[in-house]
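Enquirer: Handing you this structure, nothing more for now.
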Amino acid sequence: MVLMIVSGRSGSGKSVALRALEDMGFYCVDNLPVVLLPDLARTLADREISAAVSIDVRNMPESPEIFEQAMSNLPDAFSPQLLFLDADRNTLIRRYSDTRRLHPLSSKNLSLESAIDKESDLLEPLRSRADLIVDTSEMSVHELAEMLRTRLLGKRERELTMVFESFGFKHGIPIDADYVFDVRFLPNPHWDPKLRPMTGLDKPVAAFLDRHTEVHNFIYQTRSYLELWLPMLETNNRSYLTVAIGCTGGKHRSVYIAEQLADYFRSRGKNVQSRHRTLEKRKP
């Protein structure tokens with residue numbers, strides 16, 4: 001297991017790095033006192049969870065010896081790695097100007113420029129010990145997260161989960177949807193008394209919809225649209241892509257089509273989930 005220690009000057013991207021590591025399955029703690037590192041590692045060792053901890057001037061130990069002692073007391077199950085993020089002075093000044101945040105050392109009556117320089121001196125013991133130093137001056141938030149995934153996991157993007165959900169327009173559009181497709185124009189099994197009590201998960205309803213060319217065309221064109229843009233969506237630093245399919249009541253057409261799309265992308269090796277909002281409401 002890995003204990004990733006994330007350090008660097010304020011404004012260099014430590015919070016972004018921690019969020020990216022959390023997305024990769026790390027247990028993340030911001031500004032944990034260094035002396036507590038061994039206790040955290042021992043707690044997580046039994047659960048076999050890698051951890052990431054940020055260290056900056058706010059929780060920097062008074063002497064390098066305290067840090068070295070904490071490292072030597074880590075359980076053998078953990079392999080410590082020190083990631084140090086930095087950026088050039090002008091970039092840090094610009095980022096602080098953009099966010100209008102106070103530098104942690106500004107309380108010491110230092111100007112922003114002086115605080116940045118002072119912080120650099122205080123963090124030098126960690127910088128000199130770093131396993132990896134990353135200059136984020138020319139990096140966007142997404143590029144930094146992508147670089148960390150490449151370094152640590154050997155792949156460029158996080159694995160996107162596609163969620164296909166059916167819903168009824170009379171109950172409202174799901175607020176979590178990235179895409180909403182309206183299928184109320186397709187043939188409606190509701191008007192067949194035998195099919196009315198069934199759902200899009202039942203074979204007779206599926207057989208009814210499968211007989212209509214327009215249903216096949218809609219499924220084909222929708223999956224083609226999603227396939228066209230999926231590569232770009234997968235590199236957009238997102239964890240989920242939610243595709244909502246809506247019909248009038250959310251019981252027949254939307255359920256069937258959501259399942260058809262989910263099955264198709266699942267067969268292509270994608271991480272896929274499906275859910276049916278109206279049907280879930282009907283469960284006792």
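Every residue gets a Cβ built from N, Cα and C, even glycine.
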Enquirer: Among Lys108, Lys155, Lys251, which is the one flagged in Swiss-Prot as N6-acetyllysine?
Expert: Lys251
Enquirer: Provide the number of Cβ atoms within 10 Å of the Cβ of Asp56 (GTP binding site), excluding the reference atom itself.
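Expert: Its Cβ has 20 other Cβ atoms within 10 Å.
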Enquirer: When secondary structure is assigned with DSSP, how many helix, strand and coil residues does the region 'RNA-binding' (266-284) contain?
Expert: 8 helix, 6 strand, 5 coil
Enquirer: Listing them in sequence order, which of the recorded positions Asp56, Val57, Arg58, Lys251 have their Cα within 10 Å of that of Gly8 (ATP binding site)?
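Expert: So the list reads Asp56, Val57.
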Enquirer: Hey, which bits of the same chain come close to the region 'RNA-binding' (266-284), Cβ under 8 Å, at least six residues off its ends?
Expert: 159-168, 171, 174, 199-201, 249-251, 254-255, 258-259
